[in-house]
Each structure stands twice: as C-alpha cells, then as structure tokens.
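These features come from TrEMBL:
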DOMAIN    42-151  domain 'DUF2157'
TRANSMEM  44-63  transmembrane segment
TRANSMEM  75-94  transmembrane segment
TRANSMEM  101-121  transmembrane segment
TRANSMEM  173-197  transmembrane segment
TRANSMEM  209-227  transmembrane segment
TRANSMEM  233-251  transmembrane segment
TRANSMEM  258-280  transmembrane segment
TRANSMEM  286-304  transmembrane segment
Amino acid sequence: MEAPTRYIVHLVARHSNWHPRDIDRTLRDDVYASRADWRQLLQYLLLGAGASFLLSGIFFFFAYNWAALPAPIKIGLPVGGFTLTALAGLFLPLGDLARRVTLTAAVVLIGAILAVLGQVYQTGANAYDLFLTWSVLTLPWLVAVRFAPLWLLFVGLINVTFITYTQQLGIELAYLVSGMLLFGFNLAAWGLIWWLFRWRTGFDWLLRVIAFWAVIIATINISAGAYDGQPWQLIFTVLLAAVTYAGWTWLSLQQRSIYYLALVGGGTLITLTFLILRWMDSAPGYLLAGTLLLVGITLLTRLLNHLNLGWRVR
C-alpha cells in the first residue's frame, strides 16, 4: 500500500471526524520528512558534491599546469589517481552508495588518462576516438557497478561520440538522418535501461532524463527539418516519434505518472507550432501558431492536473 500524501490526508480530514491529533501524527509519520530523511539527503548531496569537486580539481589542475609538467608526471598522476580510486572502491569497507560513487569517479578518470595520452603522444586529432574508447572501457564497469549516474555518463559519451564523429569526419549523412539516428539511439538506450532496471529503485530519474533528451532531439529534428529542402527525409523520424510517444502515453497511464504525458504533449505542441510557421509564413500563421501554443498549454496543464488529482485520490 502506498503511503498517503498530504492531499489525501487533508481530503479525508475534511470529510470525516478524524481527530486533529491523529491527523498530525499521520502527517508527521507518513508525509513529512523525518530527521533521518534529511540526514540521508544531506549525505547524498555531500557525497555527490565531494566527488564532483574532486574530479573537477583534478581536471583543472592538468589544464592549468599542463605546460609546466613533464610527460611522466602528466601520465603518472591520472593513472595513479585512477588506481587509487578503483582500489578504494573495490577493497575499502565503504557503504554501498559510497562504493558506487567512488567507482564512478574511477571511470571518469579513465577519460583523463585517455586525454593525457592523446596529448602527450599526439595519437590523433579526432575527438571521437577518445570518447569512443572511453565508452568501450566503461562497459565492464556498467555491468559490475549497476549505478544510474554511471549509465548516464555512458549514454552521454555515446551521444558525444556520434556527434563528434559526424562533424569531424564529414560523412555523407544528411542533418535529418543524423538526427534520426541520434534519436533512435537514445530510444534504444532508454528501452535497454527500462528493460534491465525498471524494477530497481534509483533508475526512474535516469529514464526521465534520457526521455527528455530524446524528445528534445525529435522536436529539433522535425521542427528544423521542416525548413529543409528535402523534408521527405523526416518521415522515418516522424513515424518513430509517433510510435514512441504512443508508447510513453500508454506507460504514463499504466504507471499513473504525468511526466511522460507532459513530455509528449510539450514536444508535440512545439513541433506543431514550428510546422505552422513553416507552411504559413505570414501574419495569420503567426496568430494561429501563437493561439495553438497558448490554448494547447492551457488544455494540457488542465488535463495533467485533472489526471494527477484523480490518481492521487485513488
């Protein structure tokens, strides 16, 4: 049974003879955050901030002192940092969360090692080589650690690899085709993570972040593609987006969550607005696009609010 929300408690109290003392106790025990909850949140924030500042300090140290450091020091420092971090995460008696954060920091330091090796030995000017190698070396850690931030790092690396590859090599891929492939990859990543970790806690936010990024890609690709000289290339992206949006709508209704409904509705409204501006480049078109956006946002907000209230009551 799910814990009661503040709205449900107040709703029941308003339509019953529930004693105020019992209401306060229910709110305090089941709704309000306890001291232990705040302590745990503070622990997570400090742990994440500490790891972020440590890694940032390492990277800025190399950037600032690069010219003054000899080659052995340039290579030895990131390798030593990676070794110490990995050994600490593997063998020190750390808590589960601290161990996962430490191992994730070790994976980030792999990127520092690859960057230093590339600069010292001038292994090539292609940035995608670094990100591709980094992505491949991250795979064993994904299997071993199973940590949502590490998966986010991996998905980000693959995105950067694809973008830098298409830009630096100048392969004969149209802009719309590149956007479609990038959209498809992020959908595949979302589907894989959902299939592997949909029953595990701590991965919901990762799925939402990837879905948000995928909707941004689809919206930009379709909206900008409407101004392209060959808009027929959009048909695959449109079909893929339509199927995906339908699936996310079904998932939202099953999970009783408005997040994916908001993503689908927002992305669709923005896309339709750009399409109207593309095919009606005139004052009536601007009026129609603005009206659609305002009315659509209003109706979408009312619908989401109505669904959310209904789901919370049930």
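Cβ from N, Cα, C; glycine included.
What you see is a predicted model, and the numbers here were worked out from it, not measured in a lab.
When Cβ distances are compared across the two stretches, the transmembrane segment (233-251) makes no contact with the transmembrane segment (44-63), since fewer than 3 pairs at least 6 residues apart fall below 8 angstroms.
With a cut-off of 8 Å on Cβ pairs spaced 6 or more residues apart, the transmembrane segment (101-121) and the transmembrane segment (286-304) reach fewer than 3 such pairs and are scored as not touching. The listed stretches are 44-63, 173-197, 258-280, 286-304; of these, 44-63 has the most Cβ pairs under 8 Å to the transmembrane segment (75-94). According to DSSP, the secondary structure content of the domain 'DUF2157' (42-151) in residues is 94 helix, 0 strand, 16 coil. Residues 146, 148, 151, 155, 158-159, 162-163, 166, 203, 206-207, 210-211, 213-214, 217-218, 220-221, 224-225, 228, 230-231, 233-234, 236-237, 240-241, 244 of the same chain, all 6+ positions outside the transmembrane segment (173-197), place their C-beta atoms under 8 angstroms from a C-beta of that stretch. Looking just at the domain 'DUF2157' (42-151), the mean pLDDT is 83.
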